[in-house]
Amino acid sequence: MATLDVNPQRYQEQLAEKVERLNDMFAPYNVPELEVFESPEQHYRMRAEFRVWHEGEDLYYIMFNQETREKYRVDQFPAASRLINDLMPLLVEAMKDNESLRRKLFQVDFLSTLSGEILVSLLYHRQLDEEWIENAKALKQRLNDEGFNLNIIGRARKMKIVLDRDYVIEKLDVNGQSYIYQQVENSFTQPNGKVAEKMLEWAVDCTQESTGDLLELYCGNGNFSLALAQNFDRVLATELAKPSVVSAQYNIAANEIDNVQILRLSAEEFTQAIEGKREFRRLQDAGVDLKSYNCNTIFVDPPRSGMDVDTCKMVQGYERIMYISCNPETLKENLDILCETHNVTRFALFDQFPYTHHMEAGVLLERKA
């Protein structure tokens, strides 16, 4: 795709193409009827990044055509949230005539929320000084006086200045219950807030009749762990990225959930620990006895590369497997192994990325009789 063509008239057509493609891809696995979860037709992305172009006294956002690499001016971006679109012109207008804020500015990143908070990161090809800090504080005050709930980060080489927080607090509604999530700049969060809510509701529905405990690999900031905790006695969740683990702990406390335990381990390390091949000090320090857990269900949301063979083999040891995938190609590869022992009993498409080829899929697998 050369440029993102956000055309609501085409939304249903592009969704139908994805439905057909996903059904064709997974037909060999005897999947049930596909459950389809639509996105808003525009203003669905909670984050966006733009390069900044300096032209005389003018200053504006640009993006690049992916095929020709030619730049084009962006004043509004229909894929991004209304909050980002509302802020874009006011931010650039406020910086245009301010030498300290605009000098060697080359990129602006926005992280917004359904809750109304927004975080702006300004990236520079120069070191930032006291003058920049004073001007950035004034910019923040000016924009918040106009009704925004905004924080600013200034970034340069080996430098990060935070005014006043480097995160936003998101609130996602799951079947009428609100969950609080800390989302930190530069760490992974679901890009499409409304579809993220639908994914959580689907996962909760799939595990409604569960017994025992839940094991979750690749838990990020606890996005799924918190919503799923209601369906299980206990949740044991693993994540390798330290900032995500810190956010997950924050989110557990903020939501007053007392049956979720987060461990900083990779999926591969957890496999070694559960099979008794290796001991981890982190488990002892956290006071976690893996043998005390009775996990019948495992939840995985791996990176685009999917799960390695050893992790797939370990996952096969559970009665029920819930798998969220941002790359159906690697989901297929993993199902070649998982379907030796399990049947797919639920199958879903989440349109996280409208007007692109990307598809987010979910499957529930249950052990063959």
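Each Cβ is built from the backbone N, Cα and C atoms, and glycine gets one as well.
Residues Tyr218, Asn223, Glu239, Asp301 are given by Swiss-Prot as S-adenosyl-L-methionine binders; from Gln190, Gln261, Gln284, Gln316, that same site also lists Gln190.
When secondary structure is read from DSSP and collapsed to three states, Glu360 (active site, proton acceptor) falls in the strand class.
Counted over every protein chain shown, other Cβ atoms within 10 Å are most numerous around Glu239 among the binding-site residues Glu239, Asp301. Cβ-based crowding with a 10 Å cutoff singles out Tyr218 as the top-ranked of the recorded positions Tyr218, Cys326.
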